Structures are given as C-alpha cells and as structure tokens.
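According to TrEMBL, the protein has these features:
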- B:97-312: domain 'ABC transmembrane type-1' (DOMAIN)
- B:36-58: transmembrane segment (TRANSMEM)
- B:99-122: transmembrane segment (TRANSMEM)
- B:129-151: transmembrane segment (TRANSMEM)
- B:185-210: transmembrane segment (TRANSMEM)
- B:231-253: transmembrane segment (TRANSMEM)
- B:293-313: transmembrane segment (TRANSMEM)
C-alpha cells in the first residue's frame, strides 16, 4: 500500500511562503494531478514528498510510515524532473539500469537486463539503448527519464511537469502512454502540471493549488462542474469561463450576494432575439477547423463560446441569449450555490 | 557582340548592388564587407606574425646554421642537420629531458589530485567561502621571481622556515639537510614550490567544472538511491573530468618549459640534477652562445610539446564527446 498523506505541510523560501498548511490524502493506485499556475507551490510540494526539501512544519507519510525526516533514498519514490535529468556520460541502457544498481537492492545482472529491456519496451526506446543520453531528442530523453522512474517499481511516482518541454504531438502521445502505464501497473502517481488538458485527461483526482494552498480537490468532472471559487473555475475549460458582473444578463434564480456570474458554453442558450432574455450580437467567428469560437457581445461585455464547427452563424448577426444554470460567485470569489446565501 | 555582352554584365551587377546597398559598404564607399573585415583583423594578424610566427621560422632557419649571437658579424655557414644529430645522440640532453619528464609527471600528479580535492572541499556553502577561496588563490597571483626568491629564503638550512618546521617532524636537526643543495632533495624542492604556486590554478579550473554540474543530477541520483560515494563516481567525477584534463594540459605545457622557478632556486644544480630542458637550452644559448645549436634544441622541444599536446587534445575531445 502506497498512499501518501500530507498534514499541515508548510515551506518558506526567503520569507516567501511556497507551501502553506497543505493537507492532502492520495490513495493507493491513484493518478493525482496537482494543478496550478507558476509559483503556486506545486513543485515544492512534490520535492517535499520526495525529500529533496525539508518542510518547516507538518508531516509527510508514505504507506503509513512517517518519512518527514527521512532521506530521499529511504522514501522509495521515483522522480521525473522537468529538465531531462539523465546522466549525460552514460548510455540509455546504463541510465535505465542506474537505479537498479543501488546496493540497497542486490539484483543480478540478468535481472537488471530483463527489467531494463522491459521498461525500454514500455517507453518505446528499445532502439536507442546503446546511444549516449546526449544524442537523444527531447522527447526521447524524457521517455528515458520516465523509464528510469518506472524501472524501479517504487512506492510512488512523482512527476514534475515531465511533458512541458516537449512539442504538442509528442505531449499528447506521452499523455496517453503515461495514463496507460499507470493503469497497467496500478501505481500511485502524483503529477504536477499547469496544463489543464493534462490534468483533465489523466487524473483520477485533481488538486488545485493557489499561492501554496490547496483550494479544491476532486475528480476532473467535479472540479469542472462544481468549482469552489472563481480561481478554480478559471483553471479548467477551453475557452476560459466567461465572467460577467451580476445583473448584465438576467439569470433567473440569482442568489443574494452574487457579484460575478461564471458562464461557460453549456450555460448559454442562443436563440431568436425576440424570445430570449438578452439581445446579443455575434462579434467574431473564429473557425479552428475542429471547433469554432464565437465571440458574442452582450451589453458591452464580451463572451467567448464554443460552437459546433458546422454552425451557420456569421459575424455581426443579432441573436438572443439566455442563461441556463450558470455559476454564481460572491465578491471574494467564493462560489454561491443557487438557493443559498453568500457566507458573510 | 560577345564583347558588348561581357561589358554590359558588370553594369548589371553594379545596378543590383546599388539598388540593394549593404549598410557598411555604403559608408565606406568602394569597400566590400569582406575587405573591411580584413582591415579590422589585419593589425592583430600582423602582430601575431611578427611576434609568433616569424621568430619560430627564424629559429628553424638558425638551427641549420652555425650562427652565434655574440658574434653577429662572423661568417655564416650552413650546418645541415649536424646539430640535430648531436643533440639526439647527446646523453646529457637525454638526461635533461628525463629530468623534465620527472618534473612534469610529479607536479601534474600532485597538483591534479590536490587541486581537485581542494576544489571538491570548497565547492559547498560555508561561512567565509569567498574569503577562503581568495586566500587559496593567492600563490598563483604572485610573480614567479618573488616566489622563487622567498622560497630560497624558506629553504635556507640554518634559519629557513622550511627546515625549522620539517626537521622536528622528522626528528633531525634543521641544519642537517639542505633542500636546494642535496642531489636527492633538490628536484623535490622545486616540485614543492611548483605545487605550492600552481595547485590553486588547478583548483580554479576544477571548481569551474564542479560548479557546472547541475544540481538536479545530484537530486536524481539521490532519488535513485545512489550513495554519496556512488554519486561522486558516477556524477561528480565523469562530469568534471574534461575540466580536470584541461587543467592537466595547461599545467603540462607550462611545466614542460618550466624555467623561472628552477633558474631562481637551483639554476639546474647541484651538478645537473635539476637541469630541465629549458635550463640546458638557456646554457647553450646564453652561456656558450651556441645559438644555432640552441635553436635546434628549441625546435626539438617545440615539436615534442606540440606533438604531445595534440595527442592529448584528441583524447580530451573524445572524453568531452562521451
């Protein structure tokens, strides 16, 4: 069992709070993604779990064992770094074999060979086993980096934006690959990213970080449909959620205390100008091929909505617009559910 | 007809150039970029030719003549390869080459091990880090003449500091041995001074090498459960190796032609125990005034250093490519 439990974790760098009283339970076999912008404390959290940083306060336990003060080697985590942290003077084979040659795990040469070739197969790098690490392309290096983590079968895998420096196609390939590997091995995986697509496609659960604090935690669907705050709502969804001041468009059952209304495509019904709640005008139609973005002007505010690629709408046309169960937020950004009052 | 077409061609080219003028050649009318580039680097080239290449070629020329610098007006005779044959079959010259080799190998071995060890020790954060780094580098910043002279004082058997400190450790009286006067000790006395003076240089280069190793490699190794010793062997040393080899190259070339310290401390003595090749050369050139002979020796030394350095650089490049 390799569940991870963080309790009240805090870490300060140069008087700046990087991680602030963070508590989190990651269950065994979960693909957990920490999502947040640069500087939200994602990487620090990961490094605290790996033991590369020591917390100022709080505790880390892995598999029920308190490892707050243990060395990285004792924690049995594998770490995939954002930069390709391969040993440049070694071949791909030796890079993959490196963690296995630890004296802590007396493996025979044959066992190591079997494991290395198996993992090389998994990350599709078998053909480059004899190449030097420096002769690989970025994608290949990161695949070796991931392979070096996999080869050990550790308690948990920690990955720090492993795909961020790769090109788009490779990223989507490796995304699927990682998800598949995690499902096949049933490993516990903690993944850090600022990319919402990575979070949405791979995670069993997502944790949203804001300034070192965990602001919401749940399945991708829960977080998308039921964000706890404006901050969380703007993390997920393309195009980004539209934020309108309350009262611009009548939203029906607007709870008292609402100051901002969050509007996504699925909250909008476009119709005939005469029979709808608001009159709007199509500004621009952005056709991206597989999808179409509609820029809609309502009472001097602009909404960006997703439309069917075959939509017949054209720029500068008047349309009617009504809302269907949008998200309501109080002035401090907190979510207010319909039929509920803002907390004071 | 053909004449007309050839004369009209340059006109066309000029027209094109005039229409797309080059910024620099607009300001310096009539000069192409290439010409201007050559003008800029020509002073350096002329200087290099005058102070590097010309003396080299002139030395090669003199090595085939019986020229003597103290008798510039004497009749100049071609000697062919006589001097080269003399030098290569002279046991004294071979001995001085051996002395040089011993000196080079001993100093490089000690300086590299010591220099890397010191660099490894000071390549971490501790109080007064910058201060101690500077202190360590001081010997390297002193002029060799100063170093040679004060070590001569330190080495004095009766009242020198060196004997006063070393003698009690060995349990002998300070006056009982002479560092510079003893056949056995004289080579070591020079090696000690060279190590004292130039280890900091190796420290500096090794420090640059150690600083160039990214932290995340150590972190990766730590997560991969590599022990500190294994981290040293599999990360630190291989990553720093090209730098160490570079330090060895620089010290090797320098010490092959070591002259100043030896000349100041022992002038090749006692006897000829510390007579390295450069001392032999100086004696032939400026004591016996056999300029032709000395030139031939200089050419041989040059070819030796040049050849060894080239082989070494090839090896160095191979290490870097790994």
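Positions of Cβ are set from backbone N, Cα and C atoms, glycine also.
Of the two recorded stretches, the transmembrane segment (B:185-210) does not lie close to the transmembrane segment (B:36-58), with fewer than three CB pairs under 8 Å once pairs fewer than 6 apart in sequence are set aside. Contact between the transmembrane segment (B:99-122) and the transmembrane segment (B:231-253) holds: at least three of their C-beta pairs are under 8 Å, each pair 6 or more apart in sequence. Panel annotation: around the transmembrane segment (B:129-151), residues 118, 122, 162, 189, 193, 196-201, 203-204, 207, 260-261, 263-265 of the same chain, lying at least six beyond its termini, place a Cβ under 8 Å from a Cβ of the stretch.
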